[in-house]
Amino acid sequence: MLLNGDCPESLKKEAAAAEPPRENGLDEAGPGDETTGQEVIVIQDTGFSVKILAPGIEPFSLQVSPQEMVQEIHQVLMDREDTCHRTCFSLHLDGNVLDHFSELRSVEGLQEGSVLRVVEEPYTVREARIHVRHVRDLLKSLDPSDAFNGVDCNSLSFLSVFTDGDLGDSGKRKKGLEMDPIDCTPPEYILPGSRERPLCPLQPQNRDWKPLQCLKVLTMSGWNPPPGNRKMHGDLMYLFVITAEDRQVSITASTRGFYLNQSTAYHFNPKPASPRFLSHSLVELLNQISPTFKKNFAVLQKKRVQRHPFERIATPFQVYSWTAPQAEHAMDCVRAEDAYTSRLGYEEHIPGQTRDWNEELQTTRELPRKNLPERLLRERAIFKVHSDFTAAATRGAMAVIDGNVMAINPSEETKMQMFIWNNIFFSLGFDVRDHYKDFGGDVAAYVAPTNDLNGVRTYNAVDVEGLYTLGTVVVDYRGYRVTAQSIIPGILERDQEQSVIYGSIDFGKTVVSHPRYLELLERTSRPLKILRHQVLNDRDEEVELCSSVECKGIIGNDGRHYILDLLRTFPPDLNFLPVPGEELPEECARAGFPRAHRHKLCCLRQELVDAFVEHRYLLFMKLAALQLMQQNASQLETPSSLENGGPSSLESKSEDPPGQEAGSEEEGSSASGLAKVKELAETIAADDGTDPRSREVIRNACKAVGSISSTAFDIRFNPDIFSPGVRFPESCQDEVRDQKQLLKDAAAFLLSCQIPGLVKDCMEHAVLPVDGATLAEVMRQRGINMRYLGKVLELVLRSPARHQLDHVFKIGIGELITRSAKHIFKTYLQGVELSGLSAAISHFLNCFLSSYPNPVAHLPADELVSKKRNKRRKNRPPGAADNTAWAVMTPQELWKNICQEAKNYFDFDLECETVDQAVETYGLQKITLLREISLKTGIQVLLKEYSFDSRHKPAFTEEDVLNIFPVVKHVNPKASDAFHFFQSGQAKVQQGFLKEGCELINEALNLFNNVYGAMHVETCACLRLLARLHYIMGDYAEALSNQQKAVLMSERVMGTEHPNTIQEYMHLALYCFASSQLSTALSLLYRARYLMLLVFGEDHPEMALLDNNIGLVLHGVMEYDLSLRFLENALAVSTKYHGPKALKVALSHHLVARVYESKAEFRSALQHEKEGYTIYKTQLGEDHEKTKESSEYLKCLTQQAVALQRTMNEIYRNGSSANIPPLKFTAPSMASVLEQLNVINGILFIPLSQKDLENLKAEVARRHQLQEASRNRDRAEEPMATEPAPAGAPGDLGSQPPAAKDPSPSVQG
C-alpha cells in the first residue's frame, strides 16, 4: 500500500486519464492575474513510448513522460498484473544501469522506441523485507480490513457496489434502450414516510471482499535471523508458509532468491528441500508448490487491476470509519512486525532511520518559489512532509496515551509528564505548574493547543520568508488531548528563560523584544490585522511587540527564527470575557453578554476579523462619500471610474462584499442614493491625495471607523487588550481606549450582523447544512465560534418564518446535545482503565441513547482480583487510574449533566430529561445521534441493527464497541497556484466562457494532482465542476468519468456518508440517466436518499431535490405510483421550506401533474397544474413564458379530460360493445424527463441570438474588469493569510444547493 498521497505512476496515469499529459504554468505576474488576459505558458511535456523486456513474459510498450523518474517506471512494473511480483530489479538501456532517481529526459540515448531490459538483482535483507511486504500487499489488495481498521491511509468506498464496476466503456454498460425492463423497486426503508433507519446498508458487502484464499499463513519463521555460518551461505531470512492445501513449508530468502528448506517448526535444517527450485520471486516459488495459490493469485490480480485506481490509492490523511462489520482476525506477519517496530510510513527505506521532522518541515519551506515549477515543487514537498508528520504524530500520541512511551520526566505526576518519540515532542493538555492558573486551569490548558494550532495555520498561510513555526498536530484520544510538536534544535539543552529572546514566558510580567523579530512580524501584521504596540515589563520599561505577549521567539541552534505559543494570535472575544468596569455595546447587553466562560482564552476567529474589517471598509467609503456629497451640494464632480488608477489612500478591500449591512443609518436606502454614494466613493479612490478637501474627508472617515492611520483605511487589533497581567504605557492610553472600543464593536458586529446573516442565508437556502459538521463549517466561514450555537438556535426560534428553519434547528439541537455529551465523555473516559474501555464506552452509549431504563455496566473480570499488585505500579499510562466510578453512571444522571452542560457552555435550555424526550421534542433520530457522537469521539461500533427503543435490554453490549480512534487536528497546506487557476476558471464559467473555464479548471486539476497526489478534497471539487462543465457542453461520457472520480474521492477522503458524498451521488445519477444508464441512476439516487435519511432524516430542503430526481426517473421508466410517492413528498417539503407561493413549488406541482396525466387521472393533474399556474401568474405575471406554458398545458389537459369523459359516456350509453378506439397513453420521452431533471438540478440551456450573446459578454467583461481592478489592488497590497473558499471552491462542504455552486449565463442557478 502506498502511503500519504504517494501514488505509483501507473495509478497516476489511470487517475489522470481525462487530463491532457502536460503541466501548465502562469506568467510571472502572479497566479490568476486576469487583467491582461491570463497568459498560460505550456511546459513542453510530450510523452514517448519505450519497450520493456521482462523475464518470462512478452515484451510490451509503455508510454512515459520525460519528466518522470526511472523510479516511477519501477512503480508501474510493480503494479502491472504480469510484473507485479517483482520488486528487486534494475532497468538497463544498452547494457547501462539506469539510476533510480534520475529523470528520463536526462538519460542519454533514451528516446521513442528504446528497449529497457528488466534485470533481476541480488537481494539484501532490506530488499527481501520489501519483497515480502509487497507480496503481502498483493494478497491483501482486495481485503478492506485495513480500511475498517484505519491504517496505512486506506479508506472505504462503496460506489462500485451500486454501479457494477466501472461506468466507463470497460465496465458493464447498461442498455441504452429506453423501454428495457429494469428493476426499479426501492428498498422499503427508503420510501417516503418510512420510520425504519437501518444501519447495515451503510456498508454493503462488496462481492470482491470475500477474499480468495491463496495461502493460509505467510509469516516470519522463528528461526530468524540466520546464524553466522548460514549468512555466509547467503541466507537473509526464513519464512514459514501453510498453503491452502494444508502443506507446511519453510522457505529461505537468500541473496539469489527464494527456495524451500528442510526446517520444521522444531528442527532447524537450512538445506534445500525438494523440489529444488530457486525462484527470484516468492510468488513464482509459491506457484510451484501450491496449485490453489497459482489459480487464486492469478484471479486476485486480475480483479485488483480491474478496480478503479481511486479505490486503491492511499489518502494523504487517515480517514476513520465509525462502523465496521465483524471481521475475523487473520495472521499477518507484516502487521505483526509493524506493531513491534517504530515503522512510520516507509521509515526503513530512508537512510538514518528516524526522521528529523523539524529539519524536513523547515527545509521544505526554504525551497525557492520564484516561478511556477519551483512553487509546485515546494508546495508538493511541504504537503508530503506534512502528511507524513501528521501520521507519525498520530501514531506517537496513541502510543503515549496507551502507555507505550517512556516519559522524559518519569518521576513526576502522570499529568505533568512529557514525552519524546521519533523526534517529536508530546505534551498532555493539563495545566502543568499552574501555568494557566489565571486563565481557567486545566480547561484553558485543554483549549490552548487548538488556539495555538490556529495560530500556526495562519502564520504558515502568510508564509513570510525567515519566520518559522513548529510542526504541530493536536490529537484527542481516549479522553486526553495530546499536542505533538517538532523539536527546535537545541531547545532541550537550555532553560526556557535563556532561550526566549522575544515575548514573555509568564503572560506579560517579564517581556523582551528583538529587532529581527519585530521586522519579521511586521510583515505578517498587515494580513493578520495585528497592531504593533508597546507594553510595560516588570521594571516598568516600554517594550515594543508585534504580536501578543505570549508569542515567544526562540532562535534555534540552526540559526532559524522560530515563533511558538501562538494561542492569542487573534483578539479576545469580549462577549465571553467579563471585565470589571467595562460595558459592552447595547446589542451585546440585549443578548445577555458578557457571559463568564470556563476559560479566558476565547478569541475571535480570523474569518470574523476579516468580515469586520470589510464591513468597516464599506462604512468608511460611505461616510467619505456622504461628506463629499455635502461638500459638493452645489456642483457634483464627474466621477472617474475605479479602473483608472488604483486607490492610493484606500486599501485592501473589495468594493462590495455581498450580504454586509451598512453600519450608518443616515444614507438614503434608495437605489439612486446608493449609486451616487458609490460614484463619490470612486472619486475618492481615484484621487491622488493632493486635494485638501479629500484629505479632510478621509481623515474624518478614518477617525469614525477606527482606522489607526488618518491618511488611509487601516484597521488593526491589539491582541493584548484585556489580557490579565499586561500593562500599557501612559503615553498609549488614547490608543488603548480606541482599541478597546474596536474590540467591543467587533463583539457587537458578530451578534448584530454575522449571526442574523447566517440565519438569513439558511432561510434563503444560500447554505444548506445537513449534519453537525456542515453546520459548524458554515458558522466558521462567517467567523461564528461554536460557543455561539445557543445564540444561533435562539435566533432561529424567534424567527418569524420559524418552520422554514426546522432543518437548521434540528441539526443545531443535535449538535448541541452531542457536543455536550462529548465534553462529559472526555472526563468520563479519563477515569477508565484500558481493560475496561469497551465496557465503559458501551455503558456510556447505553446511558446516552438506549431507552432501557437502568443499564448495568459490566466491570472487567480482573477488577475482582486482589489489588495489592497495583501499589507497585507508580508510573502508569495516563489512563490507568484504577477507577470504576464510571460504572455507576445512570441515563438520568447523564441527561441531567447534558442539559446542565448545554446551559453552562451554550447558554441554551434543553427541554428534555431523557433521550426519548429529546427525540420526541426535537424530532431527532437516535441513529443520527450515534453517528455524530462516534465521529466526534472516535468510537467505532459494530455494523448491526441496534434496538435503541427496547425497554427490556440495553442497546449496546461490550462486543459492539470495536475500537476507539484518535480525532486529529492539523494544518492543511494549500496548493496556491492550483487554487488561483480554479478561481480563474470559475470566474470564466460565470461569465459564460465555458470552454476557457474548462481549460483553466483542467489546469487546476493537473496542478492539484502535482501538489497533493491523486487524492484530495480540493481535487474532488475540481472534478465535480469539470464533470458539470462537460455535461453542459454535451460530453456525457467525460462528465460521467469525472463525476465517478469525484464520488470515489469524496467517499475516500471525506467519508462514505458525508453530505458532500451524498451530493456527488446525485450529480452522478443525473449523468448516468443522460447516458441511458437508468437502473444505475436509480441505484445511485436510492443510495443518496438512504444516506440522507441516516445522516439527517426525511424533513430537509435537500430531500425535495432528491425526491424530485427519483420521481422523475421513475416516471421515465413508467413506475407511476412509485414516482408519485416521491414527487408528492418533494412537493410537501418544498411547500414547507420555500412557502406555498414559491416558483419551486409551482415546478413541483407541474411534475406531479405530468405523472397524473400519464396515469390518465386528469382531474388530479388539472388540480396540480392549476396550482402551478396560479403561482406563475402571481409571481411572474400573465405574459411570462412560464405562465403561458402552464396555460397551454392546462388547455391540453382539459382537452384530454373532455375526450376521456366523452369516451366514458359513450361506454355508459352503449355498453361494452361500443366501438371505441383505445385511448393512447404515451410514456414520457427520455428527452423530456432529462429536460426536467436539468431544470430541477439548476441547469438551463438558454437559446440566445448571436447579438444577445455579444451584448451579454460585453456587459460581463465590463463588470469583470471592475472586479479584477479591485481584486488586483488587494493582491498587490495585502497578501491575504487565507482566502475564503468561494461557492463550490475546494473546501466547500457541499452545504450549498447545486444551483448556487456553478452559476453561469448558460447554467442558471
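The chain as shown is numbered from 1 upward.
Glycine is no exception: its Cβ is also placed from the backbone N, Cα and C atoms.
Residue-level annotations in Swiss-Prot identify, among SER281, SER1123, SER1229, SER281 as phosphoserine.
Of the candidates SER290, SER723, Swiss-Prot marks one as phosphoserine, and that one is SER723. Checking SER61, SER279, SER342, SER1164 against Swiss-Prot, you find phosphoserine recorded for SER279. When SER648, SER652, SER664 are compared with the annotations in Swiss-Prot, the one labelled phosphoserine turns out to be SER664. Cross-referencing SER649, SER654 with Swiss-Prot, the residue annotated as phosphoserine turns out to be SER654. The DSSP secondary structure for SER279 (phosphoserine) is strand. Long-range Cβ contacts of SER279 (phosphoserine) within its own chain (separation 6+, distance under 8 Å): GLY257, PHE258, TYR259, LEU285, GLN288. When DSSP labels each residue, the repeat 'TPR 2' (1020-1053) comes out as 31 helix, 0 strand, 3 coil, counted as helix, strand and coil in that order.
For the pair formed by SER723 (phosphoserine) and SER281 (phosphoserine), distance between Cα atoms is given as 67 Å, rounded to the nearest Å. Cβ environment of SER281 (phosphoserine): HIS85, ARG86, HIS131, GLY257, PHE258 lie under 8 Å away, each six or more residues apart in the same chain. The Cβ of SER723 (phosphoserine) has 21 other Cβ atoms within 10 Å, all protein chains considered.
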